[in-house]
Structure formats: structure tokens, C-alpha cells
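A.B. asks: Dumping the structure here so I can ask a few things about it.
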Amino acid sequence: MATASFDSAPGASRALPAIEKAPEVTALSTLPGRKASLVGLTREGLKQALIGIGVPERETRMRVSQIWHWLYVRGAREFSEMTNVGKGLKAQLAEHFTLDRPEVVTEQVSRDGTRKWLLRMAPTGAHDHNRGAEIECVYIPGDDRGTLCVSSQVGCTLTCSFCHTGTQRLVRNLSTAEIVSQLVVARDALGDFTGQMPGKDGGEVGRLVTNIVFMGMGEPLYNLDAVIDAIAVMSDQEGLALSRRRITVSTSGVVPQIERLGLEANAMLAISLHAVRDELRDELVPLNRKYPIAQLLEACRNYPGLSNARRITFEYVMLKGVNDSDADARALVRLLKGIPAKINLIPFNPWPGSKYECSDWERIERFSEFVFNAGYASPVRTPRGRDILAACGQLKSETEKLRARARMMLEEGMGAEAVYADQVD
């Protein structure tokens, strides 16, 4: 069953600065008559849910603490599991709410152990044809960590020319609960909640998911309210208990929101740079036409908490004959002078219809060596999950295809039900 969010739509509580207006797309309210899920809620959202069913406000702090533990430490799927919650309250909760997660439409496992989930969110009405928006998230296991790549939007507005997600139009922002629920789904699938596997004590030690990267579908800083609240839930030490130093938010360069991200989320920052000249970055990352490289790097220099211990990661996709020359490497080092940084070199991951090729391995190594010798860590990101289109730049949900088919059928006088009856998962 898909998750129905009780959280208010992103952007409802905190206005963006006038200089930067996010796209007018939000997570719409739950369908009438549908129970909302408590999974993914903030503490305040959970408090308001309890008040809404008649729990006295003086009791809410204790009740929120109890339920929070079952949601985010134990991973409860039924209210009956909540042994320290009174029978009457459990009955009330079951009457009004669920503990549903997003529906797992498909799970693919790569030869290298990477997992990709296609998740369907709760339906919100005509906006998504009563079916529910679809997004992807990816789990990447490593020797000393496990990284979950989460999405912040359904689709993307940025149309970066090398990115598969950029070929899918933006449908809407995800709510806080929909972002957090991606971590809940991953922990469910991996048996990563306390009590599900031996040695799980609620802390980071022994966890399979140790790191979160906002590098899935969408531009996180265009949905910053929801992202900040999601990070607060993920890093709450009485719940999901991730360290904020293990949460990284990647942006293509929404300059006016970068400082606020640092002040309110205190997360690690990654920049999708990919070029050292404005004319090339204008093509690769069209947002550069609004916020050129000089403005972006100035915002990076002023990022709250920036230090050698909290470096900014600059992502640089290696495109054959496009941005991979010795001159590009020298220019990159000059641009980043004075910024505590590391540079992630990303071998381009091909996807159907792309016009780019990955740089030769020898060229990538030469580029990396030049940057390293200039004093910057320059790891080459090992491509993971390429065989299931789960690697960097390859994510794309089925939503865009569904919307196109819906428009076509509606033009032919067919209802939305026909679209989904015809869709084979």
C-alpha cells in the first residue's frame, strides 16, 4: 500500500526569498476518505495528527516519543506492535491512520549488489490520475558504508543535457514524509531496523544504511523546506539516528538557497559542477545561465561551517572530448583555489538517446592525477548499478510515460482508468 502523507505540502510554512521562486509544484493533499500514513512525519506533524484525533495536548509529548520510537527505531508496520502504547490509543490510531510505506513497484539488484527501487507514492487525485507518482531510490553497498540515494522531486526542471532524469518533466515536489519514507523502505528491505537483524541496537554501528545522498531525481534546493525537515527526521538521534555529517545534499547551483541549506540543515554540500567555462556549463547545466560559475563558487566560499573537516564535494562528470582536457584540469584547480574541497570524477554513465561518451580511462586517470598533485582529493567514482540504470545520471521513473499515454487516451475519449489497466508493471 502506498503512503498517504499527513505533512503539509512543501513550501507551505517558509517562503523562499524573492530572488528565487521555486517551481509551483507541491505534494497535493490526501484523497478524501483515505487514511493518512504516519510514516515519514516530523515530530510536529505527528503531534498534530494526534491532536486531530482527540489526544489531549498535554499528553502529546509522551505519545509522540512512544510512537516515534516504533516508527523510526523499530520500523513497526502494525499499531499492534506498539507494546507500550495503550490499547485505546492503538485502536484510535488504527481507525484513523496507517503505517503504510510507498508501494514497491519493482526492485532490481545489480551484479555489484546495488539495489534500485521504483516506488509509487499515495495517489493524490486527478494530478496523478489516482495512481500515485513514481520515483526511484538506490542503495549502494560498500566495504565500510552503505549509501542511500534519495529523490526530492518527481522529475526535474533542470534539463541537464547529460542526465537521464533531466529528460523527464517535473511533475511535483515530494513531501517531507515521501522523502523520509524512502529511507524507511530501504531499511525494511535490508532488515536494517532494530531487532530485524542481530546486533542492531538503534545506533549507526552495524547499520547497512549509513549515509544519505540527495542525488536522486530532482533539484533538492527547489524543494528546500521538505528537504530540511526530512534531514531533521533522518538525523534525530532518538529515531533514524543518522549523523548530519553523513547526509549530503547535491545541487546544480541554486545559489540563493545554498546558505540557508547550511544554516538550517547543517548537511554536507555537493555541487554538480561538470564544467570550468560558463559557455560549456550553460549547455551541460542550463541553470548556469541564471547563476554562473563565479556566483556559485562565491556561495560555496561562504557556506556555513565550511572547513577542512567539512569540505564541499564538487562533482565532475567525465565527457569524452567535452570537458576532460589537461586545460580543463588546470582551470578546475584555479577555480577552486581557497575552497576546502574534494573533486569527485564521475565516469559518464550511458543511457538510451544520450549524445555523450565517457572519457577514456587513461584520460580520467591523467585528469585525476593532475588535480591530486595540485592538492585536492580526486577520487574516481566507481560506476555502480549500470546494468539496472541505477548509476549517477541514469534515474528516471515511469511517470512521464504514464502522463503521455494518459493525455493520448484522454484525447481519444478514454478515461484514466484505461491508462492504468493497460499499464503492465
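Each residue, glycine too, has its Cβ placed from N, Cα and C.
These came from Swiss-Prot, pasted as-is:
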- Glu136: active site, proton acceptor (ACT_SITE)
- 142-389: domain 'Radical SAM core' (DOMAIN)
- Cys149-Cys392: disulfide bond (DISULFID)
- Cys156, Cys160, Cys163: [4Fe-4S] cluster binding site (BINDING)
- Gly218, Glu219, Ser250, Ser272, Leu273, His274, Asn349: S-adenosyl-L-methionine binding site (BINDING)
- Cys392: active site, S-methylcysteine intermediate (ACT_SITE)
A.B. asks: If you measure from the CA of Asn349 (S-adenosyl-L-methionine binding site) out to 10 Å, which recorded positions from the list Glu136, Cys156, Cys160, Cys163 are inside that radius?
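C.D. replies: Passing the 10 Å Cα cut: Cys163.
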A.B. asks: Near Cys156 ([4Fe-4S] cluster binding site) in space, meaning Cα within 10 angstroms, which of the recorded positions do we find among Glu136, Ser250, Ser272, Leu273?
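C.D. replies: Checking each Cα against Cys156 ([4Fe-4S] cluster binding site), there are no hits.
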A.B. asks: Just to verify: the residue among Glu136, Glu219 with the fewest other Cβ atoms within 10 Å, which of the recorded positions is it?
C.D. replies: Glu136
A.B. asks: Roughly how many Å lie between the Cα atoms of Ser250 (S-adenosyl-L-methionine binding site) and Cys149 (disulfide bond), rounded to a whole value?
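C.D. replies: Between the alpha carbons of Ser250 (S-adenosyl-L-methionine binding site) and Cys149 (disulfide bond) there are 11 Å.
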A.B. asks: Across the domain 'Radical SAM core' (142-389), what does the mean pLDDT come to, as a whole number?
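C.D. replies: When the pLDDT values over the domain 'Radical SAM core' (142-389) are averaged, the result is 91.
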A.B. asks: In Å, how long is the longest CA to CA span across Gly218, Glu219, Ser250, Ser272, Leu273, His274, Asn349, which the record gives as the S-adenosyl-L-methionine binders?
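C.D. replies: Largest pairwise Cα separation, rounded: 19 Å.
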A.B. asks: List only the single closest residue to Cys149 (disulfide bond), chosen from the recorded positions Glu136, Cys163, Gly218, Glu219, Leu273 by CA-CA distance.
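C.D. replies: Nearest by Cα distance to Cys149 (disulfide bond): Glu136.
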A.B. asks: Counting across all protein chains shown, how many other Cβ atoms sit within 10 Å of the Cβ of Cys156 ([4Fe-4S] cluster binding site)?
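C.D. replies: If we count other Cβ atoms within 10 Å of Cys156 ([4Fe-4S] cluster binding site), we arrive at 27.
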A.B. asks: Given the recorded positions Cys149, Cys160, Cys163, Leu273, which one has the fewest other C-beta atoms within 10 angstroms of its C-beta?
C.D. replies: Cys160
A.B. asks: Counting every protein chain present, what is the number of Cβ atoms, excluding its own, within 10 Å of the Cβ of Ser272 (S-adenosyl-L-methionine binding site)?
C.D. replies: 28
